[in-house]
Amino acid sequence: MEMDVYNLTTVTQFILIGLSDLPEVRYPLFVAFVIIYQITLLGNGLILLAIVTEKKLQTPMYYLLANLSLLDIFCPSATVPKMLKNLLTEDHSISFVGCALQLYFLVALAGTEVFLLAVMAYDRYVAICFPLRYSLIMTKVRCVQLLFGTWAAGFLNSFVHTMSTFSLSFCKSNRVNQYYCDIPPVVALSCSSTYMAEVLLLVIASIFGVGAFLITLISYIYIVSTILKIRSAEGKRKAFSTCASHLLVVFLFYGTTIFTYMRPTSSQHSPGRDRLISMLYGVITPMLNPIIYSLRNTEVKGALRKVLHLRICSQTA
């Protein structure tokens, strides 16, 4: 089943290589990723529960945070269950349709998160630079419109990339050099010209990805400039505390993304170790985001304490 498929044979399934060249660490990795995945689901689930149950948190800022928690649940769920199965079994295959669906949802969710982080940065920009007009600008209707736009843009962007990628001909090797189906390793298997797919990827990434990054960057340039103009130290602290958590999440997201996709492949490490490093982008970041918000944000901490207190009381009653 794990033999390569060569000339004149249409690929009907792919083989996810995973950590097949590091068999001695398969079981420790399985345990580690199970724990990380459960912490991710629990942490983001608690954030969602706190926002839904605490009226004080039902504001545009926390609606955006709720959507980030949803993304941090969905994104690893697109790859981690299959990866865990592959760590335990010898069958690393995934069907052609299954690979296309996994790639579609993974790219859609990652793209949505890029746009959402830009919207969250804009939200903080309005809150800090125009505090008196914030409630007029960031209404619930405007928030819903922005959220709909981020999800629609993410899934539409992914649809274009998925159609472009899987319209290629695959008649050479079917071994995907990754844990999951991603655009670069799948395109690398094509036996037809990949020029248009690569150009499309570059153009869309340049327009939407760089555009979202610039919105985030420019928003924080204005935020920092406004905070520095505040005279009192207490005022600066309060202003910075409203955006510190999001700023950490932005650094974490873009830092791991750049490290995953733009670092040179190390000649001193095996491909398996490089794939392990790449997987940290999709597993570690969603786990850390709720920890960052629960530690840095006093309102979220208070809501979480209330949720946990009510849960404990209901169990002891």
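Here, residue 1 is simply the first one shown, and the rest follow in order.
Just so you know, glycine gets a Cβ as well, placed from its N, Cα and C.
Please treat TrEMBL annotations as automatic predictions, because they have not gone through curation.
Sequence annotations record features per position, and here TrEMBL assigns transmembrane segment to 29-50 (among others).
Sequence annotations record features per position, and here TrEMBL assigns domain 'G-protein coupled receptors family 1 profile' to 43-293.
Residues annotated as transmembrane segment in TrEMBL: 62-81 (among others).
TrEMBL lists 101-122 (among others) with the feature transmembrane segment.
The transmembrane segment annotation in TrEMBL covers 143-160 (among others).
For 199-223 (among others), the entry in TrEMBL reads transmembrane segment. When Cβ-Cβ distances below 8 Å are used as the criterion, the transmembrane segment (199-223) is approached by residues 111, 114-115, 117-118, 121-122, 124-125, 128-129, 153, 157, 160-161, 164, 183, 243, 247, 250, 254 of the same chain, each at least six residues removed from its ends.
TrEMBL lists 244-264 (among others) with the feature transmembrane segment.
Annotation comment: TrEMBL describes 276-295 (among others) as transmembrane segment.
Same-chain residues lying 6+ beyond the ends of the transmembrane segment (143-160) with a Cβ under 8 Å from its Cβ atoms: 60, 63-64, 67, 103-105, 107-116, 119, 122, 200, 204, 208.
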